[in-house]
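Please read the structure below before turning to the comments.
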Amino acid sequence: RAPEGMQEYQRMTAHFGRDLVQMQQELHRMKVATKEQVKNIEITREVNIILNITLSQNTSMFCQKGSFCHRLLTLVLKDYPVELPKAPDFLISLRAHTVWEKTPVKLFCTVSGQPNPVVKWFGFSFIFQNHPITSVYLHCEIVLFDCRCAVTDSGVYSVVATNPHGKATSKATVCVRSECVNIAFPLATLFGIHPSKLEVTLLESFGVTFGTEGESVSLVANMVVVPDLPNLPPEAMWYRDDTLLMPSRWAEMSIGGGVAKLTLPHLNKDDEGLYTLRIWSKDGTAEHSAYLFVKDATPTVAGAPGAPMDVKVSDVNADYILVSWKPPNTTHEAPITGYFVDRRKSGTKDWVQCNDSPVKVCKLPVHGLTEGASYHFRVRAVNKDGISLPSRMSSGVTAAEVEMIKIEGKYDIAIGQEELQGVYVTIPGPPTNVHATEINKTYIVLSWTPPSPRGRAPVWYLIEKCVGDSHVWQRVNTAVQLRSPRFPVYDMEDMKSYRFRIITVNKYGSSEPSEPTAPIQKVDPYGVPSAPGQVIASRNTKTSAFVQWEAPKHTNNLMGYYVDASLVGSKKWFPCNHRPYKHTRFVVHGLVPGDTYVFRVQAVNAYGLSEESQESASLFIDAALSTPSAPYGISLLNCNGSSMTLAWKRPKNTGGSKIISYYLDKREAGSVDWKEVGPHPAVHRTFTVENLTSGVFYEFKVQAANLAGVGLPSEPSKAFACEAWTMAEPGPAYDISFWEVRDTSVLVQWKPPVYSGDCPITGFFVDMAKKGSSDFAAVNVAGLETGASYVFRVRAMNAKGVGKASDVSDPVCAKALPGTKEIVCGVDEETGDIFLNFEACEVSETSKFTWSKSYKEITESSRVSITSSGRHSKLTFVNAEKEDLGVYSVAVTDTDGVSSSYSVNEEELKKMQELSYNIKHPIVPLKTELNYEILEKGHVRFWVQAQKLSSSVNYRFIVNDKAITSAEGYKISHDVSTGIIQMTIEHFTKANEGTYTIQMQDGKAKSQSTLVLVGDAFKVALKEADFQRKEHIRKQGPHFSEYLSFHVTDDCTVMLVCKVNLANVKKETTFTWFKEDEEITVDVPPNPMSGSCSLPIPMFSRKDQGIYKAVLGDDRGKDTSVYDVSGKGNDMYFITICVCSSASDLVLQCTPEGIRLQCSMKYYTEEMKTIWFHRESKISSSEKMRIGGTSEMAWMQICEPTDREKGHYTIEIHDGKKSHSRTFDLSGQVGYSVQMCYMNYLPSVDRGRVVGGLPDVVTIMEKKSLSLTCTVWGDPNPEVTWFKNEQEIVSDDRYKITFEGGKFASLTIKIVYVEDSGKYSINVRNKYGGEFVEITVSVYKKGEDIPEPKLGQSKSVATAKPGLLIPFCTNLTAVNLIKLNSLYEI
């Protein structure tokens, strides 16, 4: 805390701490005083009774009962009670005070005694005046300081009361504080109080705690400390298994404010154990202990073992440390095969694995450490499934060989061994006492005593070994400079003995070898312990058991024991402790009340776990047997003048066993002698006491008995008068009990009055009040406040009125028991019986399930049967009908009110009856009804699929009332895995028309399905079967896998395609194309071995219509595929689909004759259905408007355009199903601009253009010379450029380009080849415009026919495009040019 905040903290501590201390002291004082006062009152009462009896006996001879003398004496005894001698006693003791300076202080107390005691007050060293007492109880007080109390008046004040029979003392501390005093000043010094002088009383303390590795747990104990001084808390010590704990990163401790707390911030199994809090007080020590269980964290790999624990380091040397640990418990995991040890230098975060292979024993010597470095270690366990989580790391340890020397008893000085050498030597001597300190099958550890003297120079050691008695010595630590007198040796063969010797070396030289060791062999000297002996389990509490066992015969350095438990019948074991327990007895906690367990034990040492012990006898978990507590609440139910009927409440603690009887005693009021009521005990909690005297008052007490014996007697009842009841109203109800306690409701039950009055009981009133209140009110016992406690009473009523109220019930808390479950209604899946099932959340060994209908116990009934086992009870209806409707309830005896109820109504009963009928009369549920399908050979399969079938299913097919079996032509089978039952008819004919039925039975379940196959449905099935039969025959030879179909290529060629099944094709198989039964000759014969054959039809038109046929055949047969292109209005449908999708937008072009609207497309012919429209009017070709086209374009020429030709123009192309249109708007400003363009074009006749001479198509044989010559015109002379396939041609050795006289242009190719085929073009242009003309050149080889477009060959010769005129319009504005370019792409 910062110094500047200390003063405020001290002020607030003083302000709030004072009131808290006073409240704690007052509470403690009142508890003690009340206890003493109750004892004194009881003693006084008993003495008065004895004196009354004595005086009554002495005066009985003089005063008869009822006489004036007797009554007078009774009054005298009542008004003047006889007082017995009594030693002084403080009924109210002195109370401590803490006050400010100059504040008055008043001490007071109450003391009793006979004769009256004399009171003396004592301060530090003075005595106050005496205070004689004049009455039995006297209130004494003394004013110590009127208005002048000072800090020096603080101290312990006492009062002493004495009389001839004894002396009593009471003390109190008075603390006077100054306003300027620093609270941080130790009050212990001021007052002379030591923490061990405080009075400490433990209140609520921590109980058995369960945690998991990685979690945080706090153990808290509340206490009352007198005086509670903020700066002087009690001295508290925490222990784990008798080991004192100190504050560390694993344990945080605090005490103050009446609370002692131990926090474990990160649990490990190292933390498991018995925790004890020990607090020193003036009376000695106050202690509390409870066990903390820590279970394994979830492993990263399923099946991996738990982490090891208690990692310790020992035998620390300069470069050697021995690490040891304890193995984890394994119940369901695979056995541990070894361990990995990791180390980490202090101040780093990286862990380094120390051993390359798992070590099997729980200790590992680690060598090769850096001298002077500090290390931490951790361990991981390994089994076949994986590696465990790491253990908690060990405490830090420094690898050094030093001698610790204490200076003045409190300072540690570390001195190296070399510095302790007093004799100066150079060559060291040999080591002595060479021997093996650790021997097992994995390694041995050699140890020796360093030479003395060895000199001040640092030494190291060399180790040599030899096999057996040979004298061939071999160096062991060749690569390691060993500085510690310890070394682990691993490389030793089994069944061989070795001898070792050591040589000391320093910078001056080496010593002689030491004496060799005796022969050492690698063996396990101990091994795991033997199994523990007999295991005995007994009851402890409702959730724990006491388990003890015999120690194993061979302990072999035992570490402790692991205890496992298993539910009877489960065969699954779980660990009861997770850290080895040292003793042969253990209390297993966390068990479920009412379950039955068996236990086993394993012994643990460094080599692992022993075999399991024999299982204990099964143990039912319940509290240990003891005698019952006292009954209570004795009430009178009826009296006839000579007998009384009594009732009482059962003991709150039955002692873990059923109450078998009650013993009653009676006595007359005023008597001290108790007499047994009768020779036989009562079995029930009501009993009629006979042979009583009318008019006499009687008192009763009851004792309960169980198997453990007779318990304590109850408190005597009130004195009941033996007078006959004659009132007209009923007597009190009794035995109020609570069932079905839930969070907002409770069921109240009681027994009717024994005395009913003059007429029968007609009803009851139930009154309720909260605990501690006397305001009862009539209530409907629902809608209670969760967690609140209530008390009830019951009043019976008849025609004469309301009778006496019952005794007030015990309080009941409106909160359901943990794990409470309700009754479940269901139907048995095997038998179909309707049942009510209940699982109790709590049972005892003597518990019984009591079923009731309408809250009347069911004892014997022909309507239901009841079975109970463990926590479960089932009520089964024999044959549920309407008379079984009602409310059913169940209660579990000898529990804390475990019960439930269930209302069976008519609607629910109907549902359960339907479900019961379906189970008792089951059907085989079907996924699909009987159906059929046609198989590939023309076989017909009839099948049905069930949701589930067993291997014992029986079935039969019935066709037209005749049962069918598997025979020739019929195959019947089923598949249990899929639930399919099927029948296959191999020859399906007209005789198979009719009704098909399948009947099946699977266990008790039956089912039937029918299919009617007659009339049209049968004809369809028969036709399909015939087709499949023929298809099967066809597919035996060569055949098509896909019949003829068509598609259109990107160049608008129609392709007829079919696919061949390659599995049935061979080299001899032929493929032929036909049109109208006339064979089509193609350039490349089709190859059926390729799997696909196609026939291209370029430039599809009406002449290509007809019936096309593909024939595939060989010696096994043939298969034919036909496609009809017969010409029924859709001749161009095939090609038009492609054309329409490629049609461009309408484009405007100016020509010498006028303007032209043209639409480009991949392929065009006049046979296509194209229609032109102007303003929605169809256009016919005329002199004014000419309609035409080329192979790649459709156009319309408007000659000499005028204003009448303005408007919308549309072209529609029909593909046989729908039309595709393109539109151009030739109106407004656009029309004016076009007209001006045409007018300006007329004078521009001097533009560059081709006048003539070029053909559209040129066909030439290979190796000839080709010359393309034309006449051009233009003024001024135009420029001429030649292109091939849109690439400009440059004049060279093969290509010669000439342009003579500005009129004659030519392109000459000296020798042409097939590669020269392509599209050639000439571009003629001057400033007024130009023209672009295309020529298609086709080169063929010598001997080949001149190619022409025909069937079976794609288009190879192209026609020339018409000239594309792009006029140069001089009079158009810039705006008009932009519009034309953007709208029409001119």
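Positions of Cβ are set from backbone N, Cα and C atoms, glycine also.
The shown structure was predicted, so the numbers you read here are calculated from the model rather than taken from an experiment.
The domain 'Ig-like' annotation in TrEMBL covers 88-175, 823-905, 1038-1126, 1243-1338. Annotation comment: TrEMBL describes 307-401, 430-526, 531-624, 630-724, 732-819 as domain 'Fibronectin type-III'.
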- Message: Applying the under-8 angstroms CB criterion, which one of 430-526, 531-624, 630-724, 823-905, 1243-1338 scores highest with the domain 'Fibronectin type-III' (307-401)?
- Response: 430-526
- For the domain 'Ig-like' (1038-1126), what does DSSP give as the number of helix, strand and coil residues? 9 helix, 48 strand, 32 coil
- Considering only Cβ pairs under 8 Å, which range in 430-526, 531-624, 630-724, 1038-1126 makes the most contacts with the domain 'Ig-like' (823-905)? 531-624
- Task: Give the residue counts of the domain 'Fibronectin type-III' (430-526) per reduced DSSP state, in the order helix, strand, coil.
- Result: 0 helix, 43 strand, 54 coil
- Summed over the domain 'Fibronectin type-III' (630-724), the DSSP helix, strand and coil counts are 0 helix, 43 strand, 52 coil
- Note on the structure: Reduced to three DSSP states, the domain 'Fibronectin type-III' (732-819) has 0 helix, 42 strand, 46 coil
- Residue counts for the domain 'Fibronectin type-III' (307-401) under DSSP, helix then strand then coil, are 0 helix, 43 strand, 52 coil
- Could you break down the residues of the domain 'Fibronectin type-III' (531-624) into DSSP helix, strand and coil, giving a count for each? 0 helix, 43 strand, 51 coil
